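Undergrad: Attaching a single structure in structure tokens format; questions to follow.
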Amino acid sequence: MNYDIKNIALATDGKKRIEWAEKDMPVLRLIRERFKKQKTLKGVKLSACLHVTSETANLMIALKEGGAEVYLCASNPLSTNDAVAASLVKDFKIPVYAIKGEDNKTYYKHLNAVLDKHPNQTMDDGADLVGMLHSDRVKQLTEVTGSTEETTTGVIRLKAMEKDNALKIPVLAVNDNLTKHLFDNRYGTGQSTIDAIMRTTNKLLAGSVFVVCGYGWCGRGIAMRARGMGALVIVCEVDPVKALEAVMDGYQVMALAEAIKNADFAVSATGNKHVIDEKHLKLAKDGVVLAQSGHFDVEINKDALKKLAKKITRVRPMVDEYSIGSKNIYLLGEGRLVNLAAADGHPASVMDTSFAGQALAAEYMWKNKKSLEHKVYALPQNIDSEIARLKLKSRGIKFDTLTKEQVSYLNSWHEGT
Ligand code: ADE
């Protein structure tokens, strides 16, 4: 079997990590058990580009049990868990191409390696495989029945391609599942971002000034958890509705150029470029800690930071000190998505519903391959409801159903005052 990982000897540790995560993924387990019986993915050759974590491992195992032939590469050079990669290869016979800390050349070599397998379906977190199929590998496009996309940034890219009539395969936007973004983006990013900041710096959040750029689902989660740790949270937004929402959620809202002057921490979760830009770096106070939780490492202007710095020192794992005149700025996780670069990513329990959505999307894509057009689709709402129902059931939580009388009341327009 061909693969490219750090060290196969790490497999024992990796298997324990995969099994640990599995305990908190009951919905994916049920899907895996059904897949094993029904083999609904027979005939699928799937190349996936995802963060290589213990949660992703459980998804890959489920897809393989469903009859798919799977290949995996990393969707970020810093997010791979090398032990998990080793176990996937050794214990589960799944070819993996991912090494934590790989350079850009190796990163793209690994993307090419999974596309060299000539998949008939792809799975992305950030749309890199789809991007490559539409640029360097257009001849392969006719072999691909479609792709599924995990993240907000990827969906934005794919919708832009659709608008330009550039999209040549169908795509299922798993991120648009309510059981994905309401939980993964909010509670997952919220917890794992704070976790990464605490692990890397061991700084006290209580009483600190914590700036969150972006009040989408990820920003909401980060702000909520920072406040929970006792920080004074300031939200920076460009969308007036979201800014107003942040105000009514009880946060201070101001322009970043003001907020940064007092920030002890500033985290960007917008999906946009140069949010923390040169002018903000100049205004920042001594000791500020910067991190980003967006998919691509573009939110903090790293070139400007490098240009301004007289000296760059790695002072702790994943903490770089940029000395600028008489002040220091600390950048976490090399400015890449901090929750995966400097921690373990979202907890398994939240990835359970996200990856249940991915598994069902892969199955839906295969079943409907003849009818899907070259568009970005949301999954049918009944899939979302089923994932939520199973998650509640796994936790022994019972909830109510409408009575016949209530159903008929909701469907009628005769009853009024
Ligand atoms: N994205 C965020 N957290 C993740 C995790 N634990 N596994 C895979 N993808 C992720």
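If you go along the chain as it appears here, the first residue is 1 and each next one adds 1.
A Cβ is built for glycine as well, from the same backbone N, Cα and C atoms used for every other residue.
Those TrEMBL annotations? Automatic predictions, nothing curated.
Per TrEMBL, the features are:
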BINDING   Thr53, Asp125, Glu150, Lys180, Asp184  substrate binding site
BINDING   151-153, Asn185, 214-221, Glu237, Asn272, 293-295, Asn339, His346  NAD(+) binding site
DOMAIN    185-345  domain 'S-adenosyl-L-homocysteine hydrolase NAD binding'
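Surface or core, plus neighbours and distances: that's what I need for these features.
TA: For Lys180 (substrate binding site), the number of other Cβ atoms no farther than 10 Å from its own Cβ, over all displayed protein chains, is 29.
Within the same chain, the residues at least 6 positions away from Thr151 (NAD(+) binding site) whose Cβ sits under 8 Å from its Cβ are Asp125, Gly126, Asn175, His295, listed in sequence order.
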Undergrad: What is the total of other Cβ atoms whose distance to the Cβ of Glu150 (substrate binding site) is within 10 Å?
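TA: Other Cβ atoms within 10 Å of Glu150 (substrate binding site): 29.
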Undergrad: Can you give me the residues near the recorded substrate site, meaning same chain, not Thr53, Asp125, Glu150, Lys180, Asp184 themselves, Cβ no more than 8 Å from the center of the site's Cβ atoms?
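TA: Here the non-site neighbours turn out to be Leu50, His51, Thr151, Val174, Asn175, His346, Met351, Ser354, Phe355, Gln358.
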Undergrad: Would you kindly give the Cα-Cα distance separating Thr53 (substrate binding site) and Gly294 (NAD(+) binding site), rounded to the nearest Å?
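TA: Per the Cα atoms, Gly294 (NAD(+) binding site) and Thr53 (substrate binding site) stand 18 Å apart.
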Undergrad: Can you go through the binding-site residues Thr53, Lys180, Asp184, His346 and pick out those with a C-beta less than 6 angstroms from ligand 1?
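TA: The qualifying binding-site residues are Thr53, His346.
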Undergrad: Cα-Cα, whole number of Å: Glu237 (NAD(+) binding site) versus Asp184 (substrate binding site)?
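TA: Between the alpha carbons of Glu237 (NAD(+) binding site) and Asp184 (substrate binding site) there are 21 Å.
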